[in-house]
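Shown next, in structure tokens, is the structure this report addresses.
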Amino acid sequence: MGLFDFFKKDKESKEQQESLDKGLEKTKTSFFDQLSKAVVGKATVDEAVLDDLESVLVHADVGIETTVKVIDRIEKRVARDKYVSTSELDRILREEIAGLLDGNSAATGSRAILDRADSPGHPFVIMVVGVNGVGKTTTIGKLAHRFHSAGKKVVLGAADTFRAAAVDQLIIWGQRVGVPVISHGMNTDPASVAYDAVQKGVEMGADVVIIDTAGRLHNKVNLMNELSKIKRVMQKVIPDAPHEVLLVLDGSTGQNAFLQAKEFTKATEVSALAITKLDGTAKGGVVIGISDQFNIPVRYIGVGEKMTDLQLFDRHTYVNSLFSKK
Ligand SMILES: Nc1nc2c(ncn2[C@@H]2O[C@H](COP(=O)(O)OP(=O)(O)OP(=O)(O)O)[C@@H](O)[C@H]2O)c(=O)[nH]1
């Protein structure tokens, strides 16, 4: 079973929907409370309803650009169909949101890439980027756990050598999951850690190598140089590595997550996103705006602190969850 099949199987499970429902609880409650307020006493979708809807979307951190896009499309539908009842608004919104996430689902393009993780001696290398505190290390731990439980051989590389805590945390995750962590300690050369981790992955016949990196946004040139150097060095071992550059964003930071996505996509070629901490926030709409604006697939979402609280993002499950009534 390839990695993709493993996640596909997982995707189909009822458990995933339930855990996502729980994780998106706050976003959903806030979204629908406001949406109901916007349509209360109104039979049809008129300009006032659209204005209110606009603020509901902005409040859920969908982002201005994407909100304007959604409102424009609904306005066109209203103009075309002449009469759109407020009871239809849920369905229309659901369709529009699913449409925006179309093509950004984890399934798109990932089968071929993820299945390559089955090639012996040619591990699938994931370079993980993102600022401190967004849940990068936790996401790597969760990913390692998922792959390891699926019978995959995993190696972790502690190339976030800027902070001692980051290295220690990754080592703890490695022990917890039961996978080796390559580390040279704090303040060592991150590229050398990445090189050794990829080398170890090849020697061990690993399926996946996951490299943690430091994300210091205050110095963009350094960040860019550091990430390019890490890439260059790992390419000495595996010429097409990294196979995935995964940007981790904290979903509860709303607009800050947009800014980070902007900066990181300028610094390096990001191929996928992991959006964490969707539980405990009413800003879960950030997933819609970010995947729409950056046109990068949201691959994973974090819905809790437990090892098992990482899901492969699926737009249908997400939209179902957002629109499911309690
Ligand atoms: N509720 C919740 N908490 C999360 C999630 N992902 C990570 N966290 C928590 O967020 C905090 C920060 O996570 P870390 O993994 O340490 O963040 P990091 O980006 O690696 O940051 P550094 O290790 O400081 O570089 C920890 O307390 C995690 O348990 C999530 O999906 N939901």
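Placement of Cβ uses the backbone N, Cα and C atoms for every residue, glycine included.
Caution: TrEMBL annotation is automatic and unverified by curators.
TrEMBL lists 130-137, 212-216, 276-279 with the feature GTP binding site. DSSP assigns L278 (GTP binding site) to coil in the three-state reduction, placing it in neither a helix nor a strand. Neighbour count (other Cβ atoms within 10 Å of the Cβ, all protein chains): 27 for L278 (GTP binding site).
Residues or ranges marked as domain 'SRP54-type proteins GTP-binding' by TrEMBL: 297-310. Within the domain 'SRP54-type proteins GTP-binding' (297-310), the DSSP-based counts of helix, strand and coil residues read 0 helix, 6 strand, 8 coil.
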Cβ under 6 Å from an atom of ligand 1: which of these binding-site residues qualify? The list is K136, T213, R216.
K136
